[in-house]
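Input: one structure, supplied below.
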Amino acid sequence: MFYWIQIVGVLAFSMSGALTAMNKRMDAFGIFIIAFVTALGGGTLRDVLIGKTPVSWMEDLTYVNLVVAGFFLAIIFRKKLEYLRVSFFLFDTIGLGVFTLIGLEKGINIGLHPVICVAIGTMTACFGGVIRDILCNEIPVIFRKEVYATICIMGGILFFILRKFNLNEDILYLITSSFIISIRLLAVQFKWALPAIQHK
Amino acid sequence: MFYWIQIVGVLAFSMSGALTAMNKRMDAFGIFIIAFVTALGGGTLRDVLIGKTPVSWMEDLTYVNLVVAGFFLAIIFRKKLEYLRVSFFLFDTIGLGVFTLIGLEKGINIGLHPVICVAIGTMTACFGGVIRDILCNEIPVIFRKEVYATICIMGGILFFILRKFNLNEDILYLITSSFIISIRLLAVQFKWALPAIQHK
Amino acid sequence: MFYWIQIVGVLAFSMSGALTAMNKRMDAFGIFIIAFVTALGGGTLRDVLIGKTPVSWMEDLTYVNLVVAGFFLAIIFRKKLEYLRVSFFLFDTIGLGVFTLIGLEKGINIGLHPVICVAIGTMTACFGGVIRDILCNEIPVIFRKEVYATICIMGGILFFILRKFNLNEDILYLITSSFIISIRLLAVQFKWALPAIQHK
């Protein structure tokens with residue numbers, strides 16, 4: 001099941017990237033690249049920083065195929081995606097939960113400190129969007145509004161707390177991702193945001 | 001001969017980077033860095049993603065020396081480069097063909113799937129320009145207009161099709177790079193462009 | 001002593017990053033990330049390019065803790081930092097000298113050519129600021145004005161010249177960092193700048 005959710009995550013992220021690029025009037029190549037980095041950029045950055053090379057998408061074509069699928073889905077359904085806004089947002093949120101867990105797991109596997117694992121999980125989930133925004137010449141949206149990364153960090157902390165209780169791994173994953181997904185839904189519903197802190 | 005063409009490619013790319021930076025009113029250091037990333041950024045990204053570290057320019061000073069040469073040539077001849085526009089564009093186009101081949105070869109050498117090799121070739125040829133545009137605070141030009149990356153992708157596909165026929169390697173290289181260079185010249189001549197796909 | 005100065009460097013760089021982010025009206029997460037990349041981005045890029053992975057801050061929590069400390073210090077004292085401008089500038093300048101030396105040393109340790117070591121030292125000291133400026137959607141300040149990177153390059157060259165005289169290593173470090181710090185102070189005092197070179 002974890003595997004299928006991961007597929008939904010990559011698809012959702014690449015569609016969300018493609019839509020952003022279309023709004024920037026990019027050509028087909030630009031749209032594809034933005035879809036690609038939104039979906040796989042966070043994981044690629046993670047792989048490079050922990051030294052897992054060649055990076056994951058070079059060794060398993062599934063990732064690239066999913067991005068290609070997301071790219072075409074976004075182009076075909078671009079007129080209708082407004083109506084699909086809610087299901088779309090749900091996919092993106094599921095992706096957030098799943099990608100955080102994937103990152104956490106990779107950090108644990110190579111024996112890094114929990115604090116660093118949480119950072120890696122957050123990076124996997126959120127930094128594709130950061131690279132997307134940089135390529136689109138904007139200040140990354142997660143630096144300015146919406147709690148997004150913060151929820152991944154909270155989810156990661158919850159994960160390590162629960163882990164002390166020797167829970168079954170599947171249950172641990174289920175609780176953590178449900179937590180991230182629920183808080184994200186609540187955050188958007190009630191417009192929670194971190195305070196901006198101004199210099200003067 | 002391949003080696004000499006590579007030299008022309010690095011020189012042309014670093015001069016093209018230096019000119020872009022001058023138009024942004026950067027100082028000498030900024031101009032040098034932009035020349036550097038335009039010429040070597042794509043290959044550096046490739047090396048990092050496939051895990052070939054220290055990256056190539058750290059182990060062979062030739063690359064850095066060529067960028068330095070391109071930097072000074074661009075500064076000295078900056079008034080005259082308008083007249084040299086055509087030969088300059090030719091160098092850049094030759095660079096495009098050669099860099100694609102270098103990337104393809106590196107991917108094949110570490111046993112990656114042809115689709116990934118094509119991606120690596122395109123990255124080697126085109127992503128120095130992407131990094132240049134990001135550092136200059138612009139949306140990368142290859143995401144918006146001109147077929148550029150698309151030609152590298154087509155060249156890469158041609159390479160793998162021809163490879164099935166057991167051609168001599170030199171001939172294979174010659175055909176692929178000639179193809180990329182010719183299509184690029186035609187594309188600019190006739191103003192071919194990928195369609196921009198808009199959301200609404 | 002070298003160790004303590006390094007701590008001052010990371011603290012100063014992360015505070016300077018946090019202040020920049022506050023001026024951009026970022027939220028708390030954005031401010032933290034900008035503080036992080038300003039302080040550790042140059043070293044992270046260096047580690048990735050030379051293949052030292054997992055990157056340093058993943059294996060020694062001290063770095064992350066220092067960034068957290070710098071982040072809170074900047075928020076708490078944000079109203080008073082105007083009065084602290086001079087001491088703040090001093091810290092930043094000390095960081096510049098120390099980070100250059102750290103980079104030089106890492107390059108020497110893996111047997112790279114002096115020219116590349118100087119590049120690595122400069123990258124360690126200056127490219128955190130470059131990544132900060134990119135994330136804040138600005139053309140990197142060190143590409144446009146102030147001699148900053150140039151001083152690191154000069155310091156690196158001095159280091160390799162002095163090294164031929166078989167000086168004690170501590171003295172070598174002290175002279176190089178003092179040189180970088182003094183020239184930087186003089187440069188700001190007298191508003192030295194590299195010439196901008198324009199295309200037309």
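Each residue, glycine too, has its Cβ placed from N, Cα and C.
As annotated by TrEMBL, domain 'Glycine transporter' applies to A:3-78, A:90-163. Under the heading transmembrane segment, TrEMBL lists A:6-22, A:29-49, A:61-77, A:84-104, A:110-135, A:147-165, A:171-194.
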Other than its close neighbours in sequence, what residues sit by the transmembrane segment (A:29-49), given a CB gap under 8 Å and a spacing of at least six beyond its ends?
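Sequence-remote neighbours of the transmembrane segment (A:29-49) are 10-11, 13-18, 20-22, 55-57, 63-64, 66-68, 70-71, 74-75, 99, 102-103, 106, 120, 123-132, 135-136.
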Mind checking which residues reach the transmembrane segment (A:6-22)? Cβ under 8 Å, same chain, six or more beyond either end.
30-40, 62-63, 66-67, 69-71, 73-75, 78, 81, 88, 91-92, 94-96, 98-99, 102, 128, 132, 136
Same chain, outside the transmembrane segment (A:61-77) by at least 6, Cβ under 8 Å from its Cβ: which residues?
7, 10-15, 17-19, 22, 31-32, 35-36, 39-40, 84
What are the DSSP helix, strand and coil residue counts for the domain 'Glycine transporter' (A:90-163)?
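DSSP classes over the domain 'Glycine transporter' (A:90-163) add up to 60 helix, 0 strand, 14 coil.
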Where else in the chain does the transmembrane segment (A:84-104) make close Cβ contacts, counting only residues six or more beyond its ends and a cut-off under 8 Å?
2, 5-6, 8-13, 15-16, 42-43, 46, 77, 117-118, 120-126, 148, 151-152, 155-156, 159, 173, 176-181, 184-185, 188
When you scan the chain for residues with a C-beta under 8 Å from the transmembrane segment (A:110-135), skipping those not six or more beyond its ends, what do you find?
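Residues packing against the transmembrane segment (A:110-135) from afar: 13, 17, 20, 33-34, 37-43, 45-46, 49-50, 95-97, 99-104, 141-143, 148-149, 152-153, 155-157, 159-160.
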Per DSSP, how many helix, strand and coil residues does the domain 'Glycine transporter' (A:3-78) have?
63 helix, 1 strand, 12 coil
Averaged over the domain 'Glycine transporter' (A:90-163), what pLDDT does the prediction give?
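It averages 90.
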